[in-house]
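Peer 1: As annotated by Swiss-Prot, disulfide bond applies to C41-C116, with the evidence given as sequence analysis. If you look up Swiss-Prot, you'll see 20-118 marked as domain 'Ig-like'. The region 'Framework-1' annotation in Swiss-Prot covers 20-44 and is backed by similarity to another entry. What Swiss-Prot lists as region 'Complementarity-determining-1' is 45-54. Swiss-Prot lists 55-71 with the feature region 'Framework-2', giving similarity to another entry as the kind of evidence. Annotation comment: Swiss-Prot describes 72-78 as region 'Complementarity-determining-2'. Annotated region 'Framework-3' per Swiss-Prot: 79-116, in sequence order. Per Swiss-Prot, the feature signal peptide maps to 1-19.
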Amino acid sequence: MKHLWFFLLLVAAPRWVLSQLQLQESGSGLVKPSQTLSLTCAVSGGSISSGGYSWSWIRQPPGKGLEWIGYIYHSGSTYYNPSLKSRVTISVDRSKNQFSLKLSSVTAADTAVYYCAR
């Protein structure tokens, strides 16, 4: 019984902590080819400046799996998917506790559901 209880604590504790944090995407839902997609992710229940965390954008094209776009550390350092690197910018606005995605020169291949995550 002790082992089971310990296991439950390990699983439940991170979920309890993460449940305090909420992310909400917003932005243009429809963009014409060659234009720039701009999305924002508002963070509530915690500070975007908290050390040790990265803030990510991912997407899921219709009928396909998740694709990592990139992420930004609390420090401002960014890391992008090499296949999208030339068109992607991720930035943080600490005053508004939010981070943003810009994807330029969009094509039909960029059609997807976009998600922000920590």
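We count from 1, first residue shown onward.
Just so you know, glycine gets a Cβ as well, placed from its N, Cα and C.
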Peer 1: Count the other Cβ atoms sitting within 10 Å of the Cβ of C41 (disulfide bond), across every protein chain shown.
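Peer 2: If we count other Cβ atoms within 10 Å of C41 (disulfide bond), we arrive at 25.
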Peer 1: Could you give me the DSSP helix, strand and coil counts for the region 'Framework-1' (20-44)?
Peer 2: 0 helix, 14 strand, 11 coil
Peer 1: What parts of the chain pack near the region 'Framework-2' (55-71), using Cβ distances under 8 Å and only residues at least 6 beyond its ends?
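Peer 2: Contacts with the region 'Framework-2' (55-71): 39, 41, 43, 48, 78-81, 84-85, 88, 90, 92, 99, 101, 103, 109, 111-118.
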Peer 1: Just to be sure I understand the packing, how many Cβ atoms besides its own are within 10 Å of the Cβ of C116 (disulfide bond)?
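Peer 2: Summing over all protein chains shown, C116 (disulfide bond) has 24 other Cβ atoms within 10 Å.
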